[in-house]
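Below is one structure; the comments refer to it alone.
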Amino acid sequence: ADTFHFTRASLPRNMIENSMFEEEPDVVDLDKDSTVVYEPRSSRLLVRGLGENDLDDEEEDYESSARLLGMSFMNRSSTHNPSSSPYNRQAPPRSCSCSSARMLVVGVFILVLVASMAMALYFLPGCTFTKAGCGKANSSTPMEPSYPNSTNGELFPWNELRLPASVRPVNYDLSLTPNLTSMTFTGRTVINMTILHDTKRIVLHSSELNITKATFQDKSVEVKVLEYKPWQQIAVSFPEDLKVGQVCVLTLDYAANLSHTYDGFYNSSYNDKTGAKRVLAATQFEPQAARKAFPCFDEPAFKATFLVRITREPGYITLSNMPQAKTTTLPSGLLEDEFEQTGVNMSTYLVAFIVANFTSITRNVSNTLVSVYSVPEKKEHTHYALDTASTLLHFYNTFFHIDYPLRKLDLVAIPDFLAGAMENWGLITFRETSLLVGNQSSPLDKQLIANVVAHELAHQWFGNLVTMRWWNDLWLNEGFATYWQYTSLMTEFPQLDLDNVFLGVRFKAMAKDCLNSSHPVSVSSQVTTPEQVSEMFDSVTYEKGASLLLMLKTTLPDGQFRKGLIKYLDNYRGSNTVTEDLWNSLTQVGVQESVSDMMRTWTLQNGFPLVTVSRMGGHVTLTQEHFLLSADNATHTSNLWHIPVTYVNDSCSSAPSCRQIFTLRNKTATLNVSDSVKWLKFNYMNTGFYIVHYGDEGWATLIDALKTDINTLTPHDRASLIHNIFALSRLGRVSFRQVLNLLDYATSETETAPLTEALSQLSSVYRLLDKRQEQRLVARMKVYIWGHFGQLMDSQDWGEEESVSRQELRSVLLEMACSLGRQNCTDQATALYDQWTNSNQTKQIPGDLQRVVFSTAAQSDLRWLSLMEAYSSTTYDSEKRKILQALASTQDPQSIVCTGLEGGIIQTQELPLVISTMSDGFAGHLLVWEFVKENWDRIIEKFPVGSYPIQSIIKSTTSQFSTQTHLEEVQRFFSSLKERGSQMRSVQEALETIRLNQLWMDRNLPTLRIWL
Ligand SMILES: [Zn+2]
């Protein structure tokens, strides 16, 4: 799956993603009063008050809270007339309603997006929280020696979350009859299996399915099915042993509701161009939701073949993993589509089916028919995805020496979809924003689509063909898919400039992995509960995984990495692996055993090393330690890594051939260089996953070298120095003055990678000071930024730009300039916006400038309103998303959005994006934390505990706190959740981050006062 496309790295709002300074302090230290302020009054109003008659009381609450926050609320006394707003036509009954009075009087009526989210969640179709449904089955229950009770009171014959290994499914025959009117479905699953060990029971998964009939072997012999709901298991017991080698058939008939969350077999809808609501049904099974669509052995190692039949009404199409084999007209007039049986064994989480009215475009690539499906009105936005997928399919077929094994490959844009995309074999599903892009869109927009397509296609080999045995080794899927996504694009689409993106990804992975709450990419501790499984889908698994593969690749002689991977795919095609299998495959192609030893130190330990360099003439001493940001001095680890330390020196420093390698295996080692060497730069191109400290003298000589000749180091190496020095300052190893010393060279910098990194780091510091209301420092920081980068910002062109790298740089520079209020920037942005609206949106804004233009426009009330209109009318997904971010970026705490997610204007899938964008704002982040606390139960009905959206929501709402009061409050809130989320790793991360923020403020405020 691809979970990391909520935002792309960009400045200033999103650049925080790539920063070591992700955590920022709160707006104000509210001290003791804050507990009053943080009573969730305002958000209660936002949820319940609007559109109801109790508004006045609640509004007063809101106002008093607001006063405490020092906010002024205009227009609060207006009446609520549901018919007067242009934005509530789509709103569901009882949804919020907006006043026309203030529009008429002030001409402004702005809505807080939070409110719409609140409404949407409040009025969600009647979902009730169940333990089984929301994936927190007995997360902390220790293994009981006795068996639990089934639903019917009888003993359930199994007492572990993992299934017994005595039975193996061979083939599933699935028949599904969805009803898109009643939003229900019935199904029949016929499972052929073999018995591996004598056993008296068959245990498998089933969740929220009402099993109506079960037969064993002969279809006339009914058997009793026991169910243990907390673990989503069902079982059939037999009086006599089933014998080893025996072949059995279990047939289960069942009925269920189509899910209204984003997993299982779920219903989704969209409004077509006439405004009519169209419904569809699609699936999302990874990691553990296949069991919600059909009873199955829902663990990745239980691979089997599948034959799928789906009944539909005429007017719909159905899709599944395999090509359609035949269609039969049933007596009822409905049609039954039958798909070919899969020719390959696959894990249950990769099964997929869709019932919708989509249309497609197609192309043949070797023996595979590639198609891109979308809702009919977006057909014209599918061409880029088809081109990209075709090119990449050819690339992977060739590179991996194994052809994609299916005859067709569908890429489908689903109107409401939670992850970025999902790699179901032969039927890859995407968010519309991850797949659809107009041909006229900017290369930067296309880069995002190419990224997701490349990731999912790589999974067809790494994940689908060879699958990790269990979720603790998820990095074997996701680390590889992430690695290949960049590598394949760098080869096939060099103009997309992915090497800069990949560098940012390495920095981002470090930002998470330097916390105590991080985990090894290959987890040896327990990953058992649904929550623990969900939490594996994080930045460490994806991005650190990919970074380690890059380090491995650049350590091996040319061609060996590829050879080893081809061996790995060939050895394990159709089956499952653990991390050790990867190292063994490498050894089989002649890679030294020491490389496997090296990689174990990286995959089995969390964190990464700091290498400290000290030099005495020709003797260079390297010392390693765990780079751990910790507020707690007691947290020392003795972790050691085998570090492939690379370096260049002043006589040969930028060409790849200059690179030398030294493996640091121990705590300390000495490297000998010639006395005449003036300086050394370690971690060439930043392909190693470690940070380097050069000591005072080492830094000084490097800074001198850069000031003399900027090109003495590659742009990646310059970015690497900037990243490292900020990280060291965060660790307390260098002063902020040293950071500023290095940045002095950057006035002559023009390259994207170093500038992006510098601006991202500075913006973090800026925002940190801003939130702390350190107005004097904020002003001086601005002067500093203008002094170093103002000229570059002003010299940016606002016309079309072809180079992706230039686009990235320009959007980063301008987004920072405009958000800090540089007149030149805001004038240009506003002018472009007005041209766009005045020309009825025919005068296009260059894609890379859309976000800065929209966000600048959104700061004006009137333009905010016109943006809202543009949001509901535009069909261009990439543009739409940027408008949404702009809408959410309003600094206006009294603005209230009443569009209502369920009203069809803003989709629930965008909640994490809206929350993170709002959290960036001064006032917004106060509101969203309240919102999250108030609506926690409703949020986790939509987004499972532990899932990436939840990780994102927790991070964006808490990572800016820096006071003891907030620390305690966050702690209190999450521990009160108990099984509803208190055990999440992201909670540990949030608390750790707040502590580190406190420490950072204590340590750096005085320094900044002196040095800025
Ligand atoms: Zn993935």
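Using N, Cα and C of the backbone, Cβ positions are placed for all residues, glycine too.
Marked as active site, proton acceptor by TrEMBL: Glu456. Neighbour density for Glu456 (active site, proton acceptor): within 10 A of its CB lie 29 other CB atoms from the protein chains shown.
In this structure, His459 (Zn(2+) binding site) is part of a helix by DSSP. TrEMBL lists His455, His459, Glu478 with the feature Zn(2+) binding site.
Annotation source TrEMBL lists domain 'Aminopeptidase N-like N-terminal' at 169-350.
Feature annotation from TrEMBL assigns domain 'Peptidase M1 membrane alanine aminopeptidase' to 384-602.
When secondary structure is read from DSSP and collapsed to three states, Tyr542 (site 'Transition state stabilizer') falls in the helix class. Among the features that TrEMBL reports, site 'Transition state stabilizer' is placed at Tyr542.
Taken from TrEMBL, the feature transmembrane segment applies to 103-124.
A Cβ within 8 Å of the Cβ centre of His455, His459, Glu478, the residues given for Zn(2+), is found for these other residues of the same chain: Ala1, Asp2, Glu423, Glu456, Ala458, Phe462, Gly463, Asn477, Phe480, Ala481, Thr482, Trp484, Gln485, Tyr542.
If you take the CA of Tyr542 (site 'Transition state stabilizer') and look 10 A around it, the recorded positions you hit from Glu456, His459, Glu478 are Glu478. Regional average pLDDT for the domain 'Aminopeptidase N-like N-terminal' (169-350) in the model is 96. Counting other Cβ atoms within 10 Å of each Cβ, the lowest count among the binding-site residues His455, His459 belongs to His459.
Sequence-distant contacts (6 or more apart, same chain, Cβ under 8 Å) of Glu478 (Zn(2+) binding site) comprise Ala1, Gly463, Phe537, Thr541, Tyr542, Gly545.
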